[in-house]
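*Asks:* What TrEMBL records for this protein is below:
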DOMAIN    20-404  domain 'Major facilitator superfamily (MFS) profile'
TRANSMEM  23-46  transmembrane segment
TRANSMEM  52-74  transmembrane segment
TRANSMEM  86-106  transmembrane segment
TRANSMEM  112-134  transmembrane segment
TRANSMEM  146-168  transmembrane segment
TRANSMEM  174-194  transmembrane segment
TRANSMEM  224-249  transmembrane segment
TRANSMEM  261-280  transmembrane segment
TRANSMEM  292-314  transmembrane segment
TRANSMEM  380-399  transmembrane segment
């Protein structure tokens, strides 16, 4: 079992970096396979239990609300006690949450389905802890590429997960979440035996007295950090539209079911995997992170606009491709920016706070999307997602100017 802590000087060791990258990739991949198995089909689960579009939004909002409350606490805990414990806790709790999900699906119990998503949200500090672990062992020059490994794990998980969900859904509604829980257990065992502690004791001293918002208040780059938090909110607010309204949209316009929705989410994940797994590093070095970030936000906006007005399969899939490429650029780049504006002793707290802002968007977004879809029109959630993506592009421009001013000053 690996429980040793790496030293501060080990951050530049190529062997350590490869090892941490491999474990983080596997952990995130297995976690997101489980996520991808159940999330595209969640609207159909809710409908089978008598729920509506509003219920879907509230269910996803409950997950994100508990995530919003818990992620900064878990990030702060990782600054004080290390990244490894948070990663292990998140994986084990996710397995338990998926077991509850399977039971809810088998018994057709909507309250138990809510309980499973609340538990999953309260312990979903996995991504932020993995980001902090990579930030511990990378430099500014190598961080975007390393964060791309997390994005590749997310992308590959979101390819395989929805595909497996679509394939296994025919065996019974309880089978996909049970499979997801089993994969979370596999990830737990792998991290237990292979994940080193990347945050050594000597770097934890200044994190002991951290309060919830002190990462923002104490940062010497408060303005830039505030813009990064705004970026997280805007990007994830746009992305949640796909989780809530897409399945309902294509069911109404194209007659698609859980299998087709699962395969479509797999396309989005595949694009993210290709971009974040191999292209993001060379592209960020050639064009610069900010240009790619702004480009990604504009592509996301175009994709959302396309979904709002598409009534046939081909333009719908073209719009999905634009969304997939846009999010493929955005996810690793906003994480890289968050880590660059954070002091080394506050990496976990800042990344946790950034994920918390994303969680706030994932709390507000699903509820608002479900309500707009049911009360206004099928187009309204996607047009809102377009506006959010355009706001992210504007924040990217402002952040670029702010960081240039800091460098010049």
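Here the Cβ of each residue, glycine as well, is placed from N, Cα and C on the backbone.
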*Asks:* Which sequence positions outside the transmembrane segment (112-134), separated from its termini by at least 6 residues, show Cβ-Cβ distances below 8 Å to it?
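*Replies:* For the transmembrane segment (112-134), the far contacts come to 20-21, 24, 27-28, 31, 45-46, 49, 59-60, 62-67, 69-71, 74-75, 78-79, 83, 86-87, 89-91, 93-94, 96-98, 100-101, 103-105, 143, 146-147, 149-150, 154, 177, 195, 198-199, 335, 338-339, 347-348, 351-352, 354-355, 359.
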*Asks:* Does the transmembrane segment (380-399) come close to the transmembrane segment (261-280), meaning at least 3 CB pairs under 8 Å for residues 6 or more apart?
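*Replies:* With fewer than 3 qualifying Cβ pairs, these stretches do not touch.
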*Asks:* Out of 86-106, 174-194, 224-249, what stretch is closest in contact terms to the transmembrane segment (23-46), meaning most Cβ pairs under 8 angstroms?
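*Replies:* The stretch with the most contacts is 174-194.
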*Asks:* Pairs 6 or more apart in sequence, C-beta under 8 angstroms, 3 or more of them: is that satisfied by the transmembrane segment (52-74) and the transmembrane segment (224-249)?
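*Replies:* Touching, yes - the transmembrane segment (52-74) and the transmembrane segment (224-249) meet the threshold of 3 or more Cβ pairs under 8 Å.
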*Asks:* Give, as a single whole number between 0 and 100, the mean pLDDT over the domain 'Major facilitator superfamily (MFS) profile' (20-404).
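*Replies:* Across the residues of the domain 'Major facilitator superfamily (MFS) profile' (20-404) the model's pLDDT averages 82 on the 0 to 100 scale.
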